[in-house]
Each structure stands twice: as C-alpha cells, then as structure tokens.
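Student: Take this structure first; my questions come after.
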2 protein chains.
Amino acid sequence: MSRFGPRNLPYGVFSGDDGVRRVGVRLDDTVVDLSDVDELCRRPTLNPLMAAGPARWARLRRAAREHVVDAPRIPLRAVRLHLPFEVADYTDFYSSEQHARRVGQILRPDRAALPPSWRHLPIGYHGRSATVVVSGTPIPRPYGQRGAGDFGPTRRLDIEAEVGFVVGVPGDRIPTAAFADHVFGVVLVNDWSARDIQAFEYQPLGPFLGKSFATSVSPWVVPLAALATRPAALQEPEPVDYLRPAGPGFDIRLAVEWNGTQVASPPYAQMYWTAAQQLAHLTVNGARVRTGDLYASGTVSGSRRDQAGSFLELTWNGTEPVTLADGSRRGFLLDGDTVTIHGVAAGADGADIGLGSVSGTVVGQSLFEAADTP
Amino acid sequence: MSRFGPRNLPYGVFSGDDGVRRVGVRLDDTVVDLSDVDELCRRPTLNPLMAAGPARWARLRRAAREHVVDAPRIPLRAVRLHLPFEVADYTDFYSSEQHARRVGQILRPDRAALPPSWRHLPIGYHGRSATVVVSGTPIPRPYGQRGAGDFGPTRRLDIEAEVGFVVGVPGDRIPTAAFADHVFGVVLVNDWSARDIQAFEYQPLGPFLGKSFATSVSPWVVPLAALATRPAALQEPEPVDYLRPAGPGFDIRLAVEWNGTQVASPPYAQMYWTAAQQLAHLTVNGARVRTGDLYASGTVSGSRRDQAGSFLELTWNGTEPVTLADGSRRGFLLDGDTVTIHGVAAGADGADIGLGSVSGTVVGQSLFEAADTP
C-alpha cells in the first residue's frame, strides 16, 4: 500500500514546463495541482497558505482529499520540486539525549557528557536561513580553518538526520498546548556539518561556519493532521511550567542511506524534548516566530549505535568506519558520496505514511586550491 | 557644525501623516524625501536600493547632495522612523579583544581568557533576525531559566554596544578587498543580553534566548562612502590568506548613556578583526549573504574599563556598580531604565559625522507572574 495515499497528502511547490511554481500534493508517485482548489495554492511558496491558520488548513485538506479522487495526476518525474517555503529564521535544537551524550563523550571526554542545562531546557541555536536548500541540491564541500593556521576543505564532512517543524502562524510566548495552532507541518532535515571546522570555532559562541554552508530539507511538508501522536518520552526532573504539558510525540522512523547502503535507522520517538516544548522555549523570552520559521529537532539518535543520526557517532569520529555495499569503508563523507534520509511515520488514520526523503551529493571544489596549496 | 551636514546624508525610512514609508536622508535635524530623486526611494525599505550596488549608490549620493540644497525639509519630530531595512540573516561577531578577555575572566575564570581560535578567526554566531527592532522600540524584560528550575524575569539585563554592517549586494566567498562592493553602510547596534539566561543555556551551542528577545538598531544607515578609513589594528599571528589584506578600519567613537548619564565611551578603532575580515569569514565556507544581511562587530570595548561596551564588564558582573547622575547605582538594568548609544565617526571629507543613536527603554512584564509566583 502506498505511503502517499489520500491519508497523507503532503504539500509541496512544483513547476512543470512553463516554470511557474504552484502548490500541489503528492499522491503515490504523482503530483496533484491544487491551484484550482484554493487561491493560496497559486503561489510560488507555501508561506501564504501556512500563514492562513489551522481552520484554512483543515478546509483545504478536506477539499484536497475530494479533489484528488478525479483530478489529473502529473508524474513526479515530469515536475521540478522547489524549496517549499521561504525560510524566515532557522533554529536547530539538540534534543536527543543519546546524541548529546555521545557527542559529549567524543568531543569533550574530560567533562560531563551532558551539559548542565540539558535536562532543564531544550538547548538550541540559530542557524543560517539563507543556506537552507531543497533535497537534491548539490553540497559543495566547505572550506574553513580546521585548526590554527590550517585552512582547507573540511576533512570531516558529516550529516545530521533530523525532523524539521515549519511554523505557519506567527506568535510569541506560545504555550505547549498551542503547538498545533502555529505549526503547519513536518519535513526531513539534513543539517550538514563540518566537524573539524566546528571543533575549532565553536567555543564559546557555538557552531557557525561548521554548519552554515548547507542545510537540506525534503520537498514535501506533511501536515500535522496526517500524523498520529503518541505520548512523549518521560522527563526527569519535571520541567518548569512553561514546558508543560510536554505535548505530543510522533512515531517518525528515519533511515539513513550512504551511497545506497542503509547505515542507520534513527527513531524520532526516542527524542527527549518535544516539538511543542521546543516552540514554547524558543518564544518564552518574547522572541517572535514568523511564517516560514523552521526549527529542527536536533540530530535524531537512538540508544543503539546503528540508530545514530550522525556519522560522528556512527563511526566514532571516524575511528570505526562503516562498510558500504560496494565494500568500501567510510569514516566521513568523500566527494561524490550521496546521503539520502528517508522518513516514515505512524499516520493519524492508522497506516504508516511517508515523509519522503532528503538527499544530497557532496561535490568537491577547487575554488581555493590556488591559494590553498603552497 | 552639524554632524548631519551634506557630507553625511545617511539613509533612513520614514513616514509622515499619510503613513506611507519612503526613503529619505537626514540633513541636520530634518529629513529630506528622496522619492522624486530615485524610484528606488519610493519603497518601504532600503532593500531595493541596497541590492542595486555601488554604482547606483554613488549616483544617488551625488544626486542627493545636489537635491538637498533646495529641497523641502521635514522636521525630524514630524516623521516616524522605521526599521530601515528588512533583515535577512543576522550575525553577531566577538571581535574586541578587550571584551573577549574581560568576559572570559568574569565568566570562565578557570580557563584561558581568550578561546583557542580567537586570534585565528573572527568568532561569531547567528542571531534571530525576527527580533531586530528600530531604535525607540520598548524592550520588554525577557523571561527565561536563570538556573536549574529557576524561571523568571532576567535579573542581569545588559547591553552590548556595537557597530552593524548592512549587506546590499549578495555574494559568497567575498574577498576582503571586495568589502565595499557588498556592504551598503553602517548602523549602531545594541544587542540586549540577559546574562543569567545566557550563562545557563550557552554550553555547548552558544547564546540563544539570552540574546534573541531584542536587538536594536539606529534608524539611519550611514553609507560607507561617508566614512573615513584608517589602518586596521595590528594582528599577531598573521591571519590565513582569506583574511588578508585586513581591509579598512574605521574611527567610530561610541558613547553609552544610562538614563542620561554617560557611562562609557567604546572606541571601534580598537577592534581586532575588521568588518571586511568578518564578511570574508562569514562567506568563506560557501555561505551566501543576501540583501538585508546584518552583521555586527561584537561588543566594542576599549582597553580602559570606562571604554567597555557592556555593563557586564563596566560593573564587573554587577559587583562594582556605576553611579548615575541622580545618585542611584546600577549593576544591571532596572525596569524603566533607558540606554542610548551615540556614535560619531571620522568622515571621508575630514570633519566628524554623526551615526545618530540607538535607544531603548526596559519595560517590565507581568505576563507570567501568575505562573511564576507560587
């Protein structure tokens, strides 16, 4: 049974031969144009629809379900998929305890694995919204300082498999209970990371160039209404008031493919902090979210090593390479490597639904070679 | 002699009784409307003009100088000044050695005052572009976790006096020598900071809610062409290639007023990393800057304590309060306090020019009191 049946109907922005961008839904391996269903779908991004709010979203979803029964279908291979929304602010969290613990062990072995505030608030930081790109966009290997005086292409290019939440309705001081009044839907995120650049630069202000070169998102935004909810993970100690109740968890299963070999299966259901808590935290100080804000879960890593959402963890900082189907071994990404993250979720109507995939291929650059090589 | 004479002519966005926003220049204590001089000035933000590039900027500046001789002048008090540009990504650096050293001594007394990479690259982080506001916007005291389980209004509300650079022309991998091809002009920045919230949250991903509630900018963007350049500070060790040549320094003198008492005079000329180096660093990994990107110098602090651009330094984390003109003493900001940062610079034509001021008043909030008090 298709994971893109009428119970899913994720939204995307596509164009055909005329190059005009408009909003459609994915049905099986086709796209159904929604331009004639709602005038907000005759726009080049999802932002106007996302800004319109939950009542409009519900109405459109009902109308789309009826529409797709008889509507013309355009094969996916005949369209181009675009970045589905214009990104306002991009925020990335750090809400998998297994990820935070492993990264702490690897990068800061002399200190406690979890930072002092980790169980009290969802730690996060702001990323670069300009470099959020749609799945399929090539990922040039970034240059930077890998150590004192050591400039060149990163030698430790990594991924972070994450789930992203897309804000539709602006707001500030958003209680966890109002999560679904503001968040439009869910995408898959690969927050590409250059570990050597990041390690040299990140104290004390956090990741900067080690992250800001590219963040890929899947082209289909799955509406919250399509997803089943489940109880969130147990939290100890109990969080302070503004982080309660925790809000829903989601049973989203990721699968990470490295050149076609599945190397990891990160389970979102094991995340410590919920998306509702992340949004409440993000806005509790008065900061405003806008239509198009993207906030990502943080690397999704489960308790088993083969559930890790980064190669830093999976290969233990490159010291324990994985073997791909062609027999080659990898610690970090080589030029030409392709990473595809797939996602499947428990759907609101019972059956599993697809989140699609986010993919990117690493390309080498010689732009700086002349300056870089003596 | 006026610091806003025809040698300065900073750009801003204003509206009169009709509420229509348009671009003008400041001349003495008046605004001169440029709507009839260039159609790019009939827009609600500076972004279209900033995107048009240096040749257009130079042409408009020449035309504006001629125009203001006979043009009608509107008193400043008769207009409303708006956020002059739509902010794309907001980045904040940390490029005053004196500031970094003092903050290190205060917050991390057990470690080296300067982080390991500090003299090798301009450390920076991404901030929240949604909460950049124009001078005069009230600053609600932010709430957050001041420690484990300790939620409430910040008790250590601080300022950071900075100089901001506004990007006009998009680009990536921008050499230091191309600085003036991309940067449109300069504003004053106050990066309000909640030190208790920041201290609890910032490891390992950097400042987040301790900064993201408000960043104020001055309403007038002084074009680069109006500023004199000067040699940058000496850098030891010599930076890697992409950070050379250092590019111009600027003789910008800030003055910080706390409720009308001048408490500090931070000298931008003492900054270690230049704005050209910051832009080169920001983009060397392939990250793209867009029209409307704002990047700030980092807190401007000179070698003397009364040249510090933050109250954290000035009052040594509140332990050595300053005395204001009314005899009251302050460690950090109280509700009702007003901070105004003024700026003056050596002008390209010799005489000093004004950068105007950025001001904000702290307002208390009771929004969370019911939940906050037991």
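Just so it is clear, glycine is given a Cβ too, placed from its N, Cα and C backbone atoms.
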Student: Of the candidates B:D191, B:D241, which one does TrEMBL list alongside B:K211, B:T215 as binding Mg(2+)?
Tutor: B:D191
Student: Which of these, B:D92, B:D110, B:D150, B:D251, does TrEMBL list as part of the Ca(2+) site with B:E160, B:E162, B:D191?
Tutor: B:D92
Student: Of B:T274, B:T283, B:T291, B:T299, which one shares the substrate site with B:Y94, B:R108, B:Q198, B:Y202 in TrEMBL?
Tutor: B:T299
Student: Against chain A, with Cβ pairs under 8 Å, which of the binding-site residues B:D191, B:Y202, B:T215 show up? Give them in sequence order, please.
Tutor: B:Y202
Student: Taking DSSP three-state, what's B:K211 (Mg(2+) binding site) in: helix, strand or coil?
Tutor: coil
Student: For B:H99 (active site, proton acceptor), what is the secondary structure state per DSSP, taken as helix, strand or coil?
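Tutor: In the DSSP reduction, B:H99 (active site, proton acceptor) maps to helix.
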Student: Note down the number of other Cβ atoms within 10 Å of the Cβ of B:E160 (Ca(2+) binding site), including every protein chain shown.
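Tutor: Other Cβ atoms found within 10 Å: 28.
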Student: Are there residues of the same chain, six or more positions away from B:E162 (Ca(2+) binding site), whose CB falls under 8 angstroms from its CB, and which are they?
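Tutor: Set apart from B:E162 (Ca(2+) binding site) by at least 6 residues yet with Cβ under 8 Å, we have B:D92, B:L188, B:V189, B:N190, B:D191, B:A296, B:S297, B:G298, B:T299, B:V300, B:G309.
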Student: Taking the Cβ of B:Y202 (substrate binding site) as reference, which residues of that chain separated by at least 6 in sequence fall under 8 Å from it?
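Tutor: The list for B:Y202 (substrate binding site) reads B:F208, B:G210, given in order along the sequence.
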